[in-house]
Amino acid sequence: MTADLSDIHHADYEKTACIIFCVIVPFFVFVRFWSRILTKQLGSDDWAALISCFTALSSNVQTLVAISYGWGRHKQNLNKEQLKIVLILHWTFQITYKLNVAFNKVSILLLYLRIMPQKFYRMMIYGLLIIVGLFSFSTSIAGILQCVPVAKAWQKNMPGYCYDLVKAWYANAIFSIITDLAILCLPMHMVYKLQRSRREKVLLYGIFGIGAFVTFTSIMRMFALKSAKNPDVTYDVNSGFWSVIETNVGVICICLPPLRSLIAKYVPNFGTTRSGRSGGSKNAYPPPSYSNSTPVQNTIGGGPLEGPWGTARVRGSAGDSEEELVAGVGGNPSDRGGIRKTMEVHLTTGGVEDPGEIELGHWSKSDVSKQH
């Protein structure tokens, strides 16, 4: 049989994408951890992102090895050993893909838990975590057992049974898109209710809206699934390409929000949210000194203020993280289970280069009073 040489380079674009992502995805995760460690905010969402990174890299390596054995070429041009290895890697890729998508969503939801104190939002987050966890676990098991016996997934001539993979992939894609949209929309209502300037809200909408890129790749992958119906399973790699894009872009997107404070450290004007900032200019004449002590409700926060809902800052510095920017959402104490949190604030401006900075006094548990 004469080999069809037209298919030799069919998967080159997928190979290029995998190589690029193998470099930039670990970089984004490393910088995310660096940012969190510097700000002492390392949390469970970061570890979920790390797991997601490992699954994405695993998927990339599996794809690169599969390409070296003939993924992207016509099935009839592969020998039995090549075809077996490609199909085994195709089977394992399905598992790591599902795990990656799950941990991408889990990482974002765990981040939401850090910044959303209201009972309603937290119930929604926990509900989504349960739904995503159960669905991902069940689809991963179903992916492993897609054929009985399992080896039939890569030895097609073996006696046994395999369920319709394409239908299962469509169902998984629809679920992924729906949950992506739910995760994307969840913080938007919270941002809308924030008593913040329009500029700050636009910044927050942008931070949380990054997930729209992941939703876009999920939709593109779903449309590409029609290529999976091709009986020449090793040749038409369009759906596999979009799976690679979705997993890696997902990791990058979940790493972007925590990087804001690190970027602001080196780019002082990045994301400045208060017009009162002087952009680094110094005052020719220091303002008069005065001190004022007054209890205030923690609707914006002060910083650093350690409490049940994390750390917040009064000043709108460029280094504020996404947790700090949304501090104080739901100023009504009833939204926080009937607890009003107050703190002592001392305004000190004498001798301070930037009059916009506010030095906070001590906040203690004695400042917490129940609302009836």
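Cβ atoms are placed via backbone N, Cα and C, with glycine included.
Whatever TrEMBL says is automated annotation, not expert-curated.
Summarising the annotation, TrEMBL assigns transmembrane segment to 16-35 (among others). Tertiary proximity for the transmembrane segment (16-35) is limited to same-chain residues at least six positions away from its ends with a CB under 8 Å from its CB atoms, namely 42, 46, 49-50, 53, 56-57, 60-61, 63-64, 241, 244-245, 248, 251-252, 255-256, 258-259, 261-262.
The average pLDDT computed over the domain 'Rhodopsin' (31-264) stands at 90. What TrEMBL lists as domain 'Rhodopsin' is 31-264.
Within its own chain, the transmembrane segment (47-71) is flanked in space by residues 11, 14-15, 18-19, 21-22, 25-26, 29, 32-33, 77-78, 82-83, 85-86, 89-90, 92-93, 96-97, 99-100, 103-104, 106-107, 110, 234, 237, 240, 243-244, 247-248, 250-251, 254-255, which lie at least six positions past its ends and keep a Cβ under 8 Å from the stretch. The feature transmembrane segment is assigned by TrEMBL to 47-71 (among others).
Annotated transmembrane segment per TrEMBL: 91-113 (among others), in sequence order. Cβ atoms under 8 Å from those of the transmembrane segment (91-113) belong to residues 43-46, 48-49, 51-52, 55-56, 58-59, 62-63, 66, 121-122, 125, 128-129, 132-133, 136, 139-140, 143-144, 146, 153-154, 172, 176, 179-180, 183, 186-187, 211, 214, 240, 243, 246-247, 250-251, 253-254, 257-258, 322 of the same chain, restricted to positions at least 6 beyond its ends.
If you look up TrEMBL, you'll see 125-148 (among others) marked as transmembrane segment.
Panel annotation: around the transmembrane segment (168-190), residues 98, 101, 105, 108-109, 112, 116, 118, 121, 124-125, 128, 131-132, 135, 139, 142, 146, 204-205, 208-209, 211-212, 214-215, 218-219, 221-222, 225, 228, 239, 326, 329-330 of the same chain, lying at least six beyond its termini, place a Cβ under 8 Å from a Cβ of the stretch. Annotated transmembrane segment per TrEMBL: 168-190 (among others), in sequence order.
The transmembrane segment annotation in TrEMBL covers 202-220 (among others).
According to TrEMBL, the feature transmembrane segment maps to 240-259 (among others).
Among the features that TrEMBL reports, region 'Disordered' is placed at 275-372.
The feature compositional bias 'Polar residues' is assigned by TrEMBL to 290-299.
Per TrEMBL, the feature compositional bias 'Basic and acidic residues' maps to 359-372.
Outside the transmembrane segment (202-220), and at least 6 residues removed from its termini, the chain residues within Cβ reach (under 8 Å) are 104, 108, 173, 176-177, 180-181, 183-184, 187-188, 191, 194, 196, 242, 245-246, 249-250, 253, 256-257, 260, 271, 273, 322, 325-326.
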